[in-house]
Amino acid sequence: MSRLSLVLILVAGLFATALAGPATFADKNPIRQVVFPDELENGILQVVGQTRSALSFARFAIRHRKRYDSVEEIKQRFEIFLDNLKMIRSHNRKGLSYKLGINEFTDLTWDEFRKHKLGASQNCSATTKGNLKLTNVVLPETKDWRKDGIVSPVKAQGKCGSCWTFSTTGALEAAYAQAFGKGISLSEQQLVDCAGAFNNFGCNGGLPSQAFEYIKFNGGLDTEEAYPYTGKNGICKFSQANIGVKVISSVNITLGAEYELKYAVALVRPVSVAFEVVKGFKQYKSGVYASTECGDTPMDVNHAVLAVGYGVENGTPYWLIKNSWGADWGEDGYFKMEMGKNMCGVATCASYPIVA
């Protein structure tokens, strides 16, 4: 093996170990004293070259605490990063209503991303006729429930297709704050581990509407503190002593009825929704998202989120939606989606709970 190969392997090893965080080093370990972000940056550049794109990749890897196990993986991830960067730049030159940008998913292929981040069950058993009761009232031009203080902080689902659990807890946390005047964090992990009998599949997908039915039948949902998130399928550990919220019933929006969804978001509270994520969406950065590539049927939707408001940007009406990919993604963990066309099926599988 050449000396250069040995150096590159050492660089890769230092890179992976250092990004694991200081807790992985003993204080007496001399490596901890010399490995800093600028040194890691230089180490990556030794592997992938000295181009501007290589520098972007090095800084991306450091910012997002990436862990690569070998020189070969660094090279592979750099190539994927370049492909995504090319797509980002090509899109942003078109002057469309939304921008793409580098985020923690830029070193992932679409197949890798889809495996770990999408999880709303297809064929969501949407309600042909919902049970929301409408009245003759003029809806406000804009709404943002964050301003009312009932929307809980953005969470991150990790490498688990549990988006449906975060949509569920987001709706419940908002309903709880609205009803009782204080915040609460509820257990996604209980839904992952315990709600399988209600046509949910843990890290392999599920639906908020079915989760509401499970919680109603089960008698409640534990708090996050009592039943913390692991991001893996596990054995059910529900404890009645740790219940944070109970569900009395839920309200379903008629399939594809955006006015009903708008009515509920405007006058009731945040609503769990699902839509189809297609390839470019993972790099969303800002603006009003729209796509001609996504579908809008119950068989198309693959990601559950939480509609927390709506508005108008540059003349385009939009939904304001809370995601579960962390606060560094999109607009502080949120995105805007074009309203009025049932874009990507946003009003296809919508529901919200009534809590006690």
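Glycine is no exception: its Cβ is also placed from the backbone N, Cα and C atoms.
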Checklist entry - Do you know which of Cys124, Cys160, Cys236 Swiss-Prot records in a disulfide with Cys194? => result Cys236
Item to check | Candidate cysteine (Cys124, Cys163, Cys203) that Swiss-Prot pairs with Cys160 in a disulfide | outcome: Cys203
Checklist entry - Between the recorded positions Asn252, Asn323, where is the Cβ count within 10 Å the lowest? => result Asn252
Checklist entry - Among the recorded positions Cys160, Cys163, Cys236, Cys344, which residue has its Cβ surrounded by the fewest other Cβ atoms within 10 Å? => result Cys236
Checklist entry - Cys194, Cys294: which of these disulfide-bonded residues has the highest Cβ count within 10 Å of its own Cβ? => result Cys194
